Each structure stands twice: as structure tokens, then as C-alpha cells.
Amino acid sequence: MGIWWWRLILVSLAGILFSPKHGASQRVTGMKYTFMKNASSAPSVSYYEYEYIVIGGGTAGCPLAATLSEKHKVLVLERGPSPYGNPNITNLDAFGAALSDTSPNSPSQRFISQDGVINSRARVLGGGSCLNAGFYTRASPYYVREAGWDGKLVKKSYEWVERVVAFEPIVRQWQSAVRGGLLEVGVLPYNGFTFDHIRGTKVGGTIFDQHGHRHTAADLLEYANPTQLTVLLQATVSKILFTNKGSRSRPVASGVIFMDALGREHRVYLKQGPKSEIIVSAGALGSPQLLMLSGIGAERELRKHNIDVVLNQPLVGQGMSDNPMNAIFVPSPVPVEVSLIEVVGITNVGSYIEAASGQMFTSRSPRDYGMFSPKIGQFSKLPPKQRSPEAVAKAIEKMGMLEPAAFRGGFILEKIMGPISTGELQLETSDPNDNPSVSFNYFKDPRDLKRCVQGIRTIEKVIESKAFSRFRYHNMSASVLLNMTANSPVNLLPKHSNTATSLEQFCRDTVMTIWHYHGGCQVGRVVDARYKVIGVDALRVIDGSTFNCSPGTNPQATVMMLGRYMGVKILRERLAGAETE
């Protein structure tokens, strides 16, 4: 095999740049809300103005706050900046740039799990919807029933979200070939374009419009009552404050302490009244971390960090999961369109098959590698524990020397449902700006590993299908591509020689994140069915940290829906309470 082929192999270390040349949207570019302010402009102490304080203006927090503002005064405290005016967020042709930005002011904050997998968490108004690959799909009816949600309100809440942020993608040749391959190998039936989660093959939605402009959860603030909502940016909450009133033994959330970008401390106290609440929507890492920093967690762990214990709750931070992703790079003999995830195969074996493609080399952003890039930590071709900063830097340097032809092709990936394997989150420090320690224990449960193996076998069949034949070299079988993916010569670290014959080893060695991590404040463990924190009053958690498993093939639609859904439920609760008083 010649040096050109080895250059193609290197792409498996680097991935794809999703960079079609689209124009800018006229609707959102430059848009600002009158209620958005920098936290440094806030008073040092604010008393009794807001009935709701939402901590985290992310994928759940924005729709939640917009809904609550219909009837009540709401304050949103977001630790990051506005997404508007940042082309690395707004434009599809800059996809991956925000994730690869490791500066202190980046809209993403990198972390490395104890498993060794490099990952990111959002630090921007709109949360993960500002950083992801844009795929939009609902949860299954089964998931909705298991969650105990009202199906009719769920449907209305999804539709409320979709009127602003969801679009039908334009499916071109490479994605069409993947779709045809999935159908040919039996991932049936074909369900056409739909937001719904249905077994078989479908075209899902996207939050990128026809101009390549990203629409995020922050856009859902268009629904807000601007006279009832205040959004403070770069406001990092360090602690939730509690009081004990009279003879009550249960702590009551009463306010928060936050720091602005200048390091100045501010305090905000809830409006007095039995219905006022603090709602934590800081994400699967941020929400359990903040509960711990505020004194709700395992007593022994809190005392290690000199945190006063409000409630001994050892289940905070437990049940952390991240859906493992594994992918095979397929070099193409012909040019392919640049595409994000558009087609998905929902198999009957518990794995989801997705794909992305493109000539990953543009004049605007030369040699950047999209969602499979070592620049953003997607360094799948090294076992997780060996993904050192030095190895990542070496991979980036090597990729910069490749010829454009080496970037022609695409990835077919699989993500398992669930997952069943879980880990935990613990504090590293008492600084809210620092990442907590988190483990996900990928493939600890053998059922997860079995689903990965079955997913990879499906991908192998798709690659060798007649429908996909135009986009692969016929002298390169699926097993050859598998070994190429797992055994790149970029580094000198030990490799497993049995990758093609041991798909279990391939799954373990090439695991990546698809950024669908969740858990830490799960329903039935940390919060009740109304998302109220068990053991304290006036405090809820509403975001992906409450999930026991990831909804659908991609969770962002359901996280946005949950914000709207719970906002409506809270308003209804208040109305029902007022009518009975």
C-alpha cells in the first residue's frame, strides 16, 4: 500500500470539516434582546424582584425561562457570552471552530473524563445547541411514557420548539448512498423525512437552515415577554443560598451568589412567597456540580472541600452516562458533498447508524477537521488513556501536512442507545469554573459492548452494499477500512493487531464521545417527578442531568422540549394553586 493510502488513513485521526459555502441568515444575524445584559452591570445585591431564578441559559434553560416569563418575573444567570455575532457558532462553514477553541473565553470548555475520552461542555447562551452537529429528532413514544410525561403536552412543546429552530435538510448524493445502504442491509422500513423516532431508516431534522445558519435554544427567547425577563451573561453561580423558616426542618432555596467577568460577587434573593423557586439548568456536569457546591451531596465528599452540608444526598453526581460513539472512515474515489448528520438508521439491536461527509479542505478554513478532529479532542484512533495533549498536538501537526485528496470521504458512525454503563461525578475543587471529575465507564456493561459490535457489523454491511459502492474503493473491504481506522501510523504507541477480527477490541480502542452525556440529578433519585430536588424546598433541576438514558438518537430536541414542557407545567401548577386558595 503506497504513501497516498497511508495519508488517507491519517484522516481517521482527524475527521471532517463540515463547511458548505452558505450565505448568512438575515433573521438572526446581529440579533440582540433588550433583556440581555452583562452581569457586571448588575447591582451587588438584589432583593425580592424575581419569582424565578434560572441558573444556566442553555438548551433547557432558554425555553424554560421564555415560558415562565409569560406570567412571572424571571432572571437567567448564564456563565457564558451571547452566541450572536460569533461566526464560529452561527455559520455552518465554521463548524468545529468553537469546540477547538480552548481559550478561557471560548463558548466551549474542554474536559477529560477519567476514562481518558476528551469531551466538551457548553459555556454560552443557548448551551450545547450552539456547538453541536445540529441533528434534530424527537424521543420515542416509549421514552415519553417511561418518563411519565403528558404525551399531548410533549407534542405541543416539540412543535413550539420546531417553529423556530428545526428544518428539513437537503439530502445529496453521499447521504443518499448511506440511506440506500441502510435499506439494502435491512434497516427497514424507510420512514422518509420525520422528526419522530421510528425504527428503520429516516431523514431527520437539523437546526441549520437552508443558508447554513445555526438556530439555537437562545432563539427560543424570541417567545419571551421582554418586560418580565432579565438575562445576565458571564454570570457564574458559585452557590445557592438556603434558609430555614420557623419550625420547618427542610431547607428552602432563597437566593444565589454569582461572580461577574471582573470577579466581583453579586447576590440575588428570590421574591418572597411560597411559589418562588430557583431552577438549575446548568447541564449534566454543571447541575450536580452546583448542587454539591451549595451543600447538597454526599456529606463525606462535601466535607473534603470544606462545604457546609445542607442535605446529605449521596445520589447527586451518580448515574453519569455518555453514549459511546465509534466510527469508520471511508475514503472516496469521487468527490462527495459536505454533509452533517442527516440520515439515521434506527436498528432493532440497540444501535443508531449516522454519517457525515465532505471534501474537508476550504480556502476559508484550511485543514480543520470538524466533529472527528483531534483539535476538538476526537482522537479515536488511540485508546482513551493514551490520548495525551502531546499526542493530540502531534496529530494536528501531521494533519496540517496532508494533501487535499486525503480529506475526501466520510465517516459512518454508530452510537448505542442508553447506555447501561454508568459512572459518577465528584468535585475536584470548590471553584465553579473548574471542571469536576467525571467517569462514564464506557462499555463496562457487556450489553453496551454487544450493541457496539452489532452496530459496527451493520456499518460494514452498508459500506459493502451496492447502494454505497460508488463511494468506496473496491479493493478496500470493510475489514481493511476497519484496520486502517484503528491502526494509523501517525503515532508509535502499541496497537492491537486483532482489530478486524475482534470488534470488541475495536469498540474499546476507538471510543469517542458524541456529546450526549447525561445523569447526575436523575428523576427518582435526586429530583421527583416534578423535577423538585428531594429534601429541600423551592429548588428544581430541569435539564439533561435528570435523564436516566439519552432520548432518541440525539437529545437536543428533547432537552429543548423539556424546558418548554416544564415551564408550562409550572405555570399550570401555580394557576391550579391560586384557584384553590
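From the backbone N, Cα and C atoms, a Cβ is placed for every residue, glycine too.
The signal peptide annotation in TrEMBL covers 1-23.
Note on H516 (FAD binding site): other Cβ atoms within 10 Å of its Cβ, all shown chains, come to 25. Per TrEMBL, FAD binding site is recorded for V124, V237, W515, H516, G544, P555, Q556.
Per TrEMBL, domain 'Glucose-methanol-choline oxidoreductase N-terminal' is recorded for 283-297. Residues 55-56, 58, 111, 121-122, 127-128, 237-242, 307-314, 316-317, 320, 425, 427, 430, 432, 435-436, 438, 517-521, 526, 533, 535-536, 541, 543-545, 547 of the same chain, all 6+ positions outside the domain 'Glucose-methanol-choline oxidoreductase N-terminal' (283-297), place their C-beta atoms under 8 angstroms from a C-beta of that stretch.
Neighbour count (other Cβ atoms within 10 Å of the Cβ, all protein chains): 24 for C507 (disulfide bond). According to TrEMBL, the disulfide bond annotation covers C452-C507.
Between the C-alpha atoms of V124 (FAD binding site) and C507 (disulfide bond), the distance comes to 32 Å. A sphere of 10 angstroms centred on the C-beta of V124 (FAD binding site) encloses 27 other C-beta atoms.
Counting other CB atoms no more than 10 Å from each candidate's CB, the recorded positions V237, C452 peak at C452. Here FAD is bound by V124, V237, W515, H516, G544, P555, Q556 per the record. The longest Cα to Cα distance in that group is 25 Å. With DSSP states grouped into helix (H, G, I), strand (E, B) and coil, the domain 'Glucose-methanol-choline oxidoreductase N-terminal' (283-297) comes out at 11 helix, 2 strand, 2 coil. The Cα atom of C452 (disulfide bond) lies nearest to that of H516, taking the binding-site residues V237, H516, G544, P555, Q556 as the candidates.
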